[in-house]
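**Q** According to TrEMBL, the record shows the following:
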- Cys382: active site, nucleophile (ACT_SITE)
- Cys262, Ser263, Ala264, Pro265, Gly266, Gly267, Lys268, Glu286, Asp313, Asp329: S-adenosyl-L-methionine binding site (BINDING)
- 172-447: domain 'SAM-dependent MTase RsmB/NOP-type' (DOMAIN)
Amino acid sequence: MQKNARQVAIESVYRVNEEDGYSNLTLNHLLQKYDVTSRDRALATELVYGSLRMRNNLDWVLNQFANRKVKKMDGWTRNILRLGLYQIRFLNGIPGPVACNETVELAKEYQHRGAAKFVNGVLRNILRNLDSIEFPDLKDDPVQHIRFKYSFPQWMVETWVKEYGIQKTIDICNAFNQVPEKIIRKNSLKISSKELQNKLINNGLEIEEIKDIPQAFRVSNYSRLSKLDSFKAGEFYIQGLYSILVGHILKPQLGERVLDLCSAPGGKTTHLAELMNNQGEIVANELHLNKIDLIKENCKRLGIQIVTTQVQDGREVEFNQSFDRILVDAPCSGLGIISKKPEIKWKKKPQDIHTLSQLQLELLINGSKFLKKGGELVYSTCTIAAKENIEVLNRFLAKNSDFNLVDLTSQANDFGIPSKFIKEGSIQLLPTWKENEGFFIAKLKRNF
Ligand SMILES: C[S@@+](CC[C@H](N)C(=O)[O-])C[C@H]1O[C@@H](n2cnc3c(N)ncnc32)[C@H](O)[C@@H]1O
(Lines of atoms letter the chains of each structure in order from A and count residues from 1; the text may use other names and numbers.)
(Lines give C-alpha, C1' and ligand atoms only; values in the text may rest on other atoms or scores of the structure.)
Protein backbone atom coordinates (compact mmCIF):
# COMPACT_ATOMS: atom_id res chain seq x y z
CA MET A 1 0.00 0.00 0.00
CA GLN A 2 1.23 3.49 -0.81
CA LYS A 3 0.82 6.42 1.59
CA ASN A 4 1.82 10.05 1.22
CA ALA A 5 4.23 12.12 3.32
CA ARG A 6 1.61 13.53 5.69
CA GLN A 7 0.01 10.16 6.36
CA VAL A 8 3.39 8.64 7.19
CA ALA A 9 4.26 11.67 9.32
CA ILE A 10 1.09 11.61 11.40
CA GLU A 11 1.38 7.86 12.04
CA SER A 12 5.02 8.33 13.08
CA VAL A 13 4.53 11.28 15.41
CA TYR A 14 1.48 9.65 16.96
CA ARG A 15 3.59 6.60 17.84
CA VAL A 16 6.43 8.70 19.20
CA ASN A 17 4.36 11.21 21.18
CA GLU A 18 1.52 8.99 22.34
CA GLU A 19 2.98 5.47 22.44
CA ASP A 20 6.57 6.13 23.47
CA GLY A 21 8.06 5.10 20.10
CA TYR A 22 11.43 6.20 18.73
CA SER A 23 11.48 8.59 15.78
CA ASN A 24 14.16 6.86 13.69
CA LEU A 25 12.81 3.33 14.15
CA THR A 26 9.16 4.30 13.65
CA LEU A 27 9.76 6.50 10.63
CA ASN A 28 12.05 3.99 8.88
CA HIS A 29 9.56 1.21 9.50
CA LEU A 30 6.64 3.19 8.04
CA LEU A 31 8.65 4.48 5.08
CA GLN A 32 9.39 0.89 4.11
CA LYS A 33 5.94 -0.46 4.87
CA TYR A 34 4.12 2.14 2.75
CA ASP A 35 6.29 2.24 -0.35
CA VAL A 36 6.77 6.03 -0.17
CA THR A 37 8.14 8.01 -3.15
CA SER A 38 11.51 9.68 -2.62
CA ARG A 39 9.96 13.19 -2.67
CA ASP A 40 7.44 12.21 -0.01
CA ARG A 41 10.20 10.54 2.00
CA ALA A 42 12.00 13.85 2.34
CA LEU A 43 8.82 15.72 3.36
CA ALA A 44 7.75 13.01 5.84
CA THR A 45 11.21 13.13 7.45
CA GLU A 46 11.13 16.91 7.73
CA LEU A 47 7.61 16.86 9.21
CA VAL A 48 8.40 14.18 11.79
CA TYR A 49 11.73 15.55 13.02
CA GLY A 50 10.67 19.19 12.72
CA SER A 51 7.41 18.82 14.63
CA LEU A 52 9.10 16.74 17.36
CA ARG A 53 11.86 19.32 17.66
CA MET A 54 9.49 22.29 17.87
CA ARG A 55 6.78 20.59 19.95
CA ASN A 56 6.81 23.05 22.85
CA ASN A 57 6.83 26.02 20.49
CA LEU A 58 3.87 24.59 18.52
CA ASP A 59 1.92 23.74 21.67
CA TRP A 60 2.48 27.23 23.05
CA VAL A 61 0.93 28.76 19.90
CA LEU A 62 -1.92 26.21 19.77
CA ASN A 63 -2.77 26.98 23.40
CA GLN A 64 -3.10 30.68 22.52
CA PHE A 65 -5.52 30.07 19.66
CA ALA A 66 -7.56 26.93 20.43
CA ASN A 67 -10.45 26.95 22.88
CA ARG A 68 -9.20 23.63 24.29
CA LYS A 69 -5.71 23.14 25.76
CA VAL A 70 -3.39 20.82 23.82
CA LYS A 71 -3.19 18.52 26.86
CA LYS A 72 -6.97 18.06 26.85
CA MET A 73 -7.22 17.18 23.13
CA ASP A 74 -7.26 13.57 22.03
CA GLY A 75 -3.90 12.26 20.79
CA TRP A 76 -4.70 12.26 17.05
CA THR A 77 -6.11 15.78 17.00
CA ARG A 78 -3.21 17.14 19.03
CA ASN A 79 -0.61 15.67 16.69
CA ILE A 80 -2.50 16.53 13.51
CA LEU A 81 -2.59 20.15 14.66
CA ARG A 82 1.13 20.09 15.48
CA LEU A 83 1.93 18.85 11.97
CA GLY A 84 -0.31 21.46 10.35
CA LEU A 85 1.08 24.31 12.40
CA TYR A 86 4.66 23.16 11.79
CA GLN A 87 4.08 23.54 8.04
CA ILE A 88 2.47 26.95 8.48
CA ARG A 89 5.19 28.35 10.73
CA PHE A 90 8.37 26.64 9.59
CA LEU A 91 8.02 25.38 6.00
CA ASN A 92 8.22 28.35 3.66
CA GLY A 93 7.69 26.21 0.57
CA ILE A 94 4.15 25.23 1.62
CA PRO A 95 1.56 28.03 1.41
CA GLY A 96 -0.51 28.38 4.61
CA PRO A 97 -3.91 27.58 3.02
CA VAL A 98 -2.45 24.41 1.41
CA ALA A 99 -1.03 23.28 4.77
CA CYS A 100 -4.40 23.97 6.32
CA ASN A 101 -6.40 22.00 3.71
CA GLU A 102 -4.04 19.03 3.81
CA THR A 103 -4.22 18.94 7.60
CA VAL A 104 -8.03 19.01 7.54
CA GLU A 105 -7.94 16.01 5.18
CA LEU A 106 -5.73 14.16 7.68
CA ALA A 107 -8.20 14.91 10.46
CA LYS A 108 -11.06 13.50 8.35
CA GLU A 109 -9.09 10.35 7.62
CA TYR A 110 -7.64 9.66 11.07
CA GLN A 111 -10.48 11.13 13.15
CA HIS A 112 -13.91 12.32 12.03
CA ARG A 113 -15.70 15.34 10.52
CA GLY A 114 -16.08 17.03 13.92
CA ALA A 115 -12.33 16.92 14.53
CA ALA A 116 -11.70 18.16 11.00
CA LYS A 117 -13.93 21.18 11.66
CA PHE A 118 -12.06 21.93 14.89
CA VAL A 119 -8.66 21.61 13.19
CA ASN A 120 -9.80 23.86 10.35
CA GLY A 121 -11.04 26.51 12.80
CA VAL A 122 -7.82 26.56 14.86
CA LEU A 123 -5.44 26.65 11.90
CA ARG A 124 -7.43 29.33 10.00
CA ASN A 125 -7.50 31.43 13.15
CA ILE A 126 -3.70 31.15 13.45
CA LEU A 127 -3.23 31.89 9.75
CA ARG A 128 -5.20 35.13 10.16
CA ASN A 129 -3.14 36.16 13.20
CA LEU A 130 0.39 35.02 12.41
CA ASP A 131 1.80 38.46 13.15
CA SER A 132 0.38 38.53 16.66
CA ILE A 133 2.13 35.38 17.91
CA GLU A 134 4.22 36.22 20.97
CA PHE A 135 6.37 34.25 23.38
CA PRO A 136 7.19 35.01 27.03
CA ASP A 137 9.56 37.96 27.20
CA LEU A 138 13.28 37.15 27.29
CA LYS A 139 14.06 39.86 29.85
CA ASP A 140 11.11 39.17 32.18
CA ASP A 141 11.38 35.41 32.17
CA PRO A 142 14.34 33.96 30.26
CA VAL A 143 13.60 30.33 31.18
CA GLN A 144 10.00 30.45 29.88
CA HIS A 145 11.12 32.39 26.82
CA ILE A 146 13.74 29.76 25.90
CA ARG A 147 11.45 26.88 26.88
CA PHE A 148 8.70 27.89 24.45
CA LYS A 149 10.48 29.81 21.72
CA TYR A 150 13.31 27.30 21.30
CA SER A 151 11.17 24.36 22.36
CA PHE A 152 12.91 22.59 25.25
CA PRO A 153 11.57 21.22 28.55
CA GLN A 154 11.77 23.56 31.51
CA TRP A 155 14.18 21.42 33.54
CA MET A 156 16.79 21.28 30.75
CA VAL A 157 16.62 25.05 30.20
CA GLU A 158 16.93 25.70 33.95
CA THR A 159 19.95 23.40 34.24
CA TRP A 160 21.74 24.94 31.25
CA VAL A 161 20.98 28.53 32.22
CA LYS A 162 22.55 27.80 35.62
CA GLU A 163 25.59 26.17 34.05
CA TYR A 164 26.13 28.25 30.91
CA GLY A 165 24.14 31.49 31.30
CA ILE A 166 21.27 32.76 29.17
CA GLN A 167 22.93 33.60 25.85
CA LYS A 168 24.98 30.40 25.71
CA THR A 169 21.84 28.37 26.50
CA ILE A 170 20.05 30.04 23.58
CA ASP A 171 23.01 29.20 21.32
CA ILE A 172 23.00 25.59 22.54
CA CYS A 173 19.23 25.24 21.99
CA ASN A 174 19.47 26.81 18.56
CA ALA A 175 22.27 24.45 17.55
CA PHE A 176 20.39 21.39 18.85
CA ASN A 177 17.39 22.45 16.73
CA GLN A 178 19.32 22.29 13.44
CA VAL A 179 19.08 19.30 11.11
CA PRO A 180 22.09 17.09 11.95
CA GLU A 181 24.93 16.87 9.50
CA LYS A 182 26.02 13.56 8.02
CA ILE A 183 29.51 12.51 9.05
CA ILE A 184 31.29 9.36 7.98
CA ARG A 185 34.48 7.68 9.15
CA LYS A 186 36.75 6.37 6.43
CA ASN A 187 37.85 2.79 7.05
CA SER A 188 41.61 3.12 6.75
CA LEU A 189 41.95 -0.66 6.54
CA LYS A 190 40.21 -0.64 3.16
CA ILE A 191 40.55 2.65 1.35
CA SER A 192 42.53 5.89 1.06
CA SER A 193 40.93 9.30 1.51
CA LYS A 194 41.35 10.18 -2.17
CA GLU A 195 39.78 6.94 -3.37
CA LEU A 196 36.82 7.29 -1.02
CA GLN A 197 36.26 10.88 -2.06
CA ASN A 198 36.35 9.99 -5.76
CA LYS A 199 33.97 7.08 -5.30
CA LEU A 200 31.41 9.07 -3.38
CA ILE A 201 31.62 12.05 -5.74
CA ASN A 202 30.92 9.63 -8.60
CA ASN A 203 27.81 8.58 -6.69
CA GLY A 204 26.62 12.19 -6.71
CA LEU A 205 27.58 13.04 -3.13
CA GLU A 206 29.30 16.17 -1.91
CA ILE A 207 32.13 15.27 0.44
CA GLU A 208 34.49 17.38 2.51
CA GLU A 209 37.41 16.17 4.63
CA ILE A 210 37.19 17.52 8.18
CA LYS A 211 40.32 19.42 9.11
CA ASP A 212 42.30 18.12 12.11
CA ILE A 213 40.16 15.02 12.67
CA PRO A 214 41.65 11.99 10.90
CA GLN A 215 39.27 9.74 8.95
CA ALA A 216 36.29 12.14 9.31
CA PHE A 217 34.33 13.48 6.33
CA ARG A 218 31.20 15.58 6.08
CA VAL A 219 28.85 14.36 3.32
CA SER A 220 25.72 15.85 1.82
CA ASN A 221 23.37 15.58 -1.10
CA TYR A 222 22.49 11.98 -0.33
CA SER A 223 20.16 10.60 2.27
CA ARG A 224 20.50 6.81 2.19
CA LEU A 225 24.20 6.23 2.68
CA SER A 226 23.79 2.62 3.74
CA LYS A 227 22.49 1.78 0.24
CA LEU A 228 25.80 2.72 -1.41
CA ASP A 229 28.11 -0.06 -2.65
CA SER A 230 31.00 1.64 -0.91
CA PHE A 231 29.16 1.37 2.43
CA LYS A 232 28.32 -2.29 1.80
CA ALA A 233 31.98 -2.94 0.98
CA GLY A 234 32.94 -1.57 4.40
CA GLU A 235 34.82 1.45 3.10
CA PHE A 236 33.19 3.77 5.64
CA TYR A 237 31.12 3.82 8.81
CA ILE A 238 28.39 6.37 9.56
CA GLN A 239 29.41 7.97 12.85
CA GLY A 240 29.13 11.34 14.60
CA LEU A 241 32.21 13.55 14.50
CA TYR A 242 32.66 13.77 18.25
CA SER A 243 32.21 10.04 18.52
CA ILE A 244 35.11 9.61 16.07
CA LEU A 245 37.27 11.70 18.41
CA VAL A 246 36.81 9.16 21.22
CA GLY A 247 38.81 6.47 19.38
CA HIS A 248 41.58 8.95 18.57
CA ILE A 249 41.80 10.06 22.18
CA LEU A 250 42.01 6.52 23.54
CA LYS A 251 44.71 6.01 20.86
CA PRO A 252 45.21 2.24 21.03
CA GLN A 253 48.51 0.88 19.74
CA LEU A 254 49.18 -2.08 17.46
CA GLY A 255 49.20 -5.40 19.33
CA GLU A 256 47.53 -4.11 22.49
CA ARG A 257 44.75 -5.76 24.47
CA VAL A 258 41.71 -3.47 24.67
CA LEU A 259 38.36 -3.70 26.46
CA ASP A 260 35.25 -1.90 25.16
CA LEU A 261 32.86 -2.32 28.08
CA CYS A 262 29.63 -0.99 26.48
CA SER A 263 30.18 -1.69 22.85
CA ALA A 264 27.03 -2.08 20.72
CA PRO A 265 26.54 -1.35 17.86
CA GLY A 266 30.32 -1.34 17.57
CA GLY A 267 31.03 2.13 16.16
CA LYS A 268 33.92 2.76 18.49
CA THR A 269 35.00 -0.90 18.72
CA THR A 270 35.53 -1.00 14.96
CA HIS A 271 37.32 2.35 15.01
CA LEU A 272 39.72 1.09 17.67
CA ALA A 273 40.42 -2.00 15.55
CA GLU A 274 41.16 0.22 12.54
CA LEU A 275 43.57 2.31 14.59
CA MET A 276 45.27 -0.91 15.70
CA ASN A 277 45.55 -1.97 12.06
CA ASN A 278 43.74 -5.19 12.92
CA GLN A 279 46.60 -6.25 15.21
CA GLY A 280 46.04 -7.10 18.86
CA GLU A 281 42.86 -8.04 20.66
CA ILE A 282 39.62 -6.22 21.48
CA VAL A 283 36.97 -7.60 23.82
CA ALA A 284 33.61 -6.02 22.92
CA ASN A 285 31.33 -6.40 25.92
CA GLU A 286 27.62 -5.56 25.79
CA LEU A 287 24.66 -6.05 28.12
CA HIS A 288 22.03 -6.81 25.48
CA LEU A 289 22.25 -10.07 23.57
CA ASN A 290 20.07 -8.72 20.75
CA LYS A 291 22.68 -6.06 19.93
CA ILE A 292 25.61 -8.45 19.55
CA ASP A 293 24.79 -9.28 15.92
CA LEU A 294 25.11 -5.58 15.06
CA ILE A 295 28.69 -5.57 16.35
CA LYS A 296 29.48 -8.75 14.45
CA GLU A 297 27.92 -7.45 11.22
CA ASN A 298 29.85 -4.18 11.47
CA CYS A 299 33.13 -6.02 12.09
CA LYS A 300 32.49 -8.31 9.13
CA ARG A 301 31.56 -5.48 6.77
CA LEU A 302 34.60 -3.41 7.80
CA GLY A 303 36.99 -6.37 7.56
CA ILE A 304 37.86 -6.47 11.25
CA GLN A 305 39.20 -9.69 12.72
CA ILE A 306 40.47 -8.87 16.20
CA VAL A 307 37.17 -8.42 18.03
CA THR A 308 35.65 -10.98 20.39
CA THR A 309 32.10 -10.20 21.53
CA GLN A 310 30.55 -11.16 24.83
CA VAL A 311 27.26 -10.54 26.64
CA GLN A 312 27.77 -9.47 30.26
CA ASP A 313 26.63 -6.76 32.59
CA GLY A 314 29.58 -4.36 32.65
CA ARG A 315 28.97 -3.75 36.37
CA GLU A 316 29.70 -7.39 37.20
CA VAL A 317 31.85 -8.80 34.40
CA GLU A 318 35.17 -10.41 35.45
CA PHE A 319 38.37 -11.02 33.47
CA ASN A 320 41.43 -13.18 34.22
CA GLN A 321 43.76 -10.95 32.26
CA SER A 322 44.10 -7.19 32.41
CA PHE A 323 43.95 -4.69 29.51
CA ASP A 324 46.31 -2.03 28.14
CA ARG A 325 43.41 0.29 27.40
CA ILE A 326 39.74 0.40 28.29
CA LEU A 327 36.83 2.31 26.82
CA VAL A 328 33.76 2.99 28.95
CA ASP A 329 31.37 4.59 26.44
CA ALA A 330 28.58 4.59 28.95
CA PRO A 331 24.82 4.47 28.43
CA CYS A 332 23.59 8.03 29.05
CA SER A 333 20.65 10.41 28.76
CA GLY A 334 21.67 11.29 25.18
CA LEU A 335 21.05 15.03 25.65
CA GLY A 336 23.95 15.58 23.24
CA ILE A 337 22.19 13.87 20.35
CA ILE A 338 18.89 15.74 20.56
CA SER A 339 19.36 16.97 16.98
CA LYS A 340 19.31 13.35 15.78
CA LYS A 341 16.64 12.12 18.20
CA PRO A 342 14.49 15.14 19.15
CA GLU A 343 12.05 13.07 21.21
CA ILE A 344 14.81 12.89 23.87
CA LYS A 345 13.64 16.40 24.82
CA TRP A 346 10.29 15.06 25.89
CA LYS A 347 11.15 11.56 27.07
CA LYS A 348 14.02 12.25 29.46
CA LYS A 349 13.28 13.37 33.01
CA PRO A 350 15.64 14.80 35.67
CA GLN A 351 15.38 11.59 37.69
CA ASP A 352 16.77 9.64 34.68
CA ILE A 353 19.98 11.65 34.96
CA HIS A 354 20.34 10.62 38.58
CA THR A 355 19.69 6.90 37.85
CA LEU A 356 22.06 6.93 34.90
CA SER A 357 24.86 8.59 36.84
CA GLN A 358 24.69 5.73 39.35
CA LEU A 359 24.92 3.15 36.54
CA GLN A 360 27.81 5.06 34.93
CA LEU A 361 29.75 5.13 38.19
CA GLU A 362 29.25 1.40 38.72
CA LEU A 363 30.43 0.66 35.16
CA LEU A 364 33.50 2.82 35.69
CA ILE A 365 34.31 1.19 39.04
CA ASN A 366 34.06 -2.34 37.69
CA GLY A 367 35.65 -1.67 34.27
CA SER A 368 38.64 0.14 35.75
CA LYS A 369 39.55 -2.91 37.88
CA PHE A 370 40.89 -4.61 34.77
CA LEU A 371 43.22 -1.84 33.61
CA LYS A 372 46.97 -2.59 33.72
CA LYS A 373 49.23 -0.42 35.83
CA GLY A 374 50.19 2.50 33.57
CA GLY A 375 47.21 1.77 31.33
CA GLU A 376 44.67 4.35 30.14
CA LEU A 377 40.89 4.38 30.28
CA VAL A 378 38.58 6.70 28.34
CA TYR A 379 35.17 7.53 29.78
CA SER A 380 32.74 9.06 27.27
CA THR A 381 29.07 9.95 26.95
CA CYS A 382 26.88 11.71 24.39
CA THR A 383 25.40 14.07 26.94
CA ILE A 384 26.13 17.52 28.28
CA ALA A 385 24.77 16.87 31.77
CA ALA A 386 27.59 17.50 34.27
CA LYS A 387 26.04 14.96 36.66
CA GLU A 388 26.73 12.20 34.11
CA ASN A 389 30.14 13.50 33.15
CA ILE A 390 32.68 15.30 35.29
CA GLU A 391 30.71 14.58 38.48
CA VAL A 392 30.83 10.81 37.82
CA LEU A 393 34.60 11.04 37.41
CA ASN A 394 35.03 13.10 40.55
CA ARG A 395 32.99 10.57 42.53
CA PHE A 396 35.16 7.78 41.10
CA LEU A 397 38.43 9.58 41.80
CA ALA A 398 37.43 10.33 45.39
CA LYS A 399 37.54 6.59 46.12
CA ASN A 400 40.23 5.38 43.72
CA SER A 401 43.53 7.01 44.54
CA ASP A 402 45.41 4.69 42.16
CA PHE A 403 43.86 6.65 39.23
CA ASN A 404 44.33 10.21 38.05
CA LEU A 405 42.63 12.35 35.45
CA VAL A 406 44.84 12.89 32.40
CA ASP A 407 44.87 16.51 31.22
CA LEU A 408 43.57 16.36 27.64
CA THR A 409 44.40 19.97 26.77
CA SER A 410 47.31 19.15 24.49
CA GLN A 411 45.57 16.21 22.77
CA ALA A 412 42.52 18.45 22.30
CA ASN A 413 44.76 21.08 20.68
CA ASP A 414 45.94 18.53 18.15
CA PHE A 415 42.32 18.07 17.05
CA GLY A 416 41.67 21.81 16.92
CA ILE A 417 39.32 21.74 19.92
CA PRO A 418 39.11 25.27 21.38
CA SER A 419 40.12 25.61 25.05
CA LYS A 420 36.60 26.74 26.03
CA PHE A 421 35.53 23.11 25.59
CA ILE A 422 38.09 21.84 28.13
CA LYS A 423 36.93 21.66 31.74
CA GLU A 424 39.13 20.32 34.52
CA GLY A 425 41.32 18.71 31.83
CA SER A 426 38.40 16.85 30.21
CA ILE A 427 36.58 17.61 26.97
CA GLN A 428 32.95 18.78 27.06
CA LEU A 429 31.96 19.41 23.46
CA LEU A 430 28.87 21.51 22.82
CA PRO A 431 26.71 21.70 19.69
CA THR A 432 28.13 25.16 19.04
CA TRP A 433 31.46 23.73 17.79
CA LYS A 434 31.85 21.66 14.57
CA GLU A 435 28.80 19.44 14.81
CA ASN A 436 25.40 20.09 16.38
CA GLU A 437 25.93 17.50 19.11
CA GLY A 438 27.24 17.38 22.65
CA PHE A 439 29.83 14.87 23.85
CA PHE A 440 32.02 14.29 26.89
CA ILE A 441 35.46 12.66 26.77
CA ALA A 442 37.77 12.12 29.74
CA LYS A 443 40.87 9.99 30.26
CA LEU A 444 42.05 8.25 33.42
CA LYS A 445 45.46 6.69 34.03
CA ARG A 446 46.20 3.93 36.49
CA ASN A 447 49.34 4.69 38.47
CA PHE A 448 49.73 1.62 40.67
C1 LIG B 1 26.49 4.69 24.25
S2 LIG B 1 26.07 3.09 23.81
C3 LIG B 1 27.56 2.45 23.17
C4 LIG B 1 27.84 2.87 21.75
C5 LIG B 1 29.06 2.16 21.19
N6 LIG B 1 30.23 2.34 22.02
C7 LIG B 1 29.37 2.65 19.80
O8 LIG B 1 30.22 3.53 19.62
O9 LIG B 1 28.76 2.14 18.86
C10 LIG B 1 25.98 2.26 25.34
C11 LIG B 1 25.80 0.77 25.23
O12 LIG B 1 25.87 0.24 26.55
C13 LIG B 1 24.99 -0.83 26.66
N14 LIG B 1 24.75 -1.06 28.10
C15 LIG B 1 23.77 -0.57 28.88
N16 LIG B 1 23.91 -1.01 30.15
C17 LIG B 1 25.01 -1.79 30.16
C18 LIG B 1 25.66 -2.55 31.17
N19 LIG B 1 25.20 -2.58 32.41
N20 LIG B 1 26.75 -3.26 30.83
C21 LIG B 1 27.23 -3.23 29.56
N22 LIG B 1 26.65 -2.54 28.56
C23 LIG B 1 25.56 -1.83 28.86
C24 LIG B 1 23.79 -0.38 25.86
O25 LIG B 1 23.00 -1.47 25.46
C26 LIG B 1 24.45 0.33 24.67
O27 LIG B 1 24.63 -0.55 23.62
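Here, residue 1 is simply the first one shown, and the rest follow in order.
Backbone N, Cα and C define each Cβ position, glycine as well.
Remember, TrEMBL labels are computer predictions, not curated facts.
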**Q** Write out the long-range same-chain contacts of Cys262 (S-adenosyl-L-methionine binding site), meaning residues 6 or more apart in sequence whose Cβ is under 8 Å from its Cβ.
**A** Asn285, Glu286, Leu287, Gly314, Val328, Asp329, Ala330, Pro331, Leu363
**Q** Please list residues from the chain of Ala264 (S-adenosyl-L-methionine binding site) whose Cβ is under 8 angstroms from its Cβ, counting only those at least six apart in sequence.
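**A** Same-chain residues close to Ala264 (S-adenosyl-L-methionine binding site) (Cβ under 8 Å, separated by 6 or more) are Ala284, Glu286, His288, Lys291, Ile292, Leu294, Ile295.
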**Q** Using a Cβ cut-off under 8 Å and a sequence separation of 6 or more, which residues in the same chain sit near Cys382 (active site, nucleophile)?
**A** Gly240, Tyr242, Ser243, Cys332, Gly334, Leu335, Gly336, Ile337, Glu437, Gly438, Phe439, Phe440
**Q** Name, in the order they occur in the sequence, the residues of the same chain whose CB lies under 8 A from the CB of Asp313 (S-adenosyl-L-methionine binding site) and which sit 6 or more residues away.
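**A** Long-range Cβ contacts: Leu287.
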**Q** Select one residue from Gly266, Lys268: among these binding-site residues, choose the one with the most other Cβ atoms within 10 Å of its Cβ.
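**A** Buried the deepest by this measure is Gly266.
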**Q** Give, as a single whole number between 0 and 100, the mean pLDDT over the domain 'SAM-dependent MTase RsmB/NOP-type' (172-447).
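**A** Over the domain 'SAM-dependent MTase RsmB/NOP-type' (172-447), the predicted model scores a mean pLDDT of 97.
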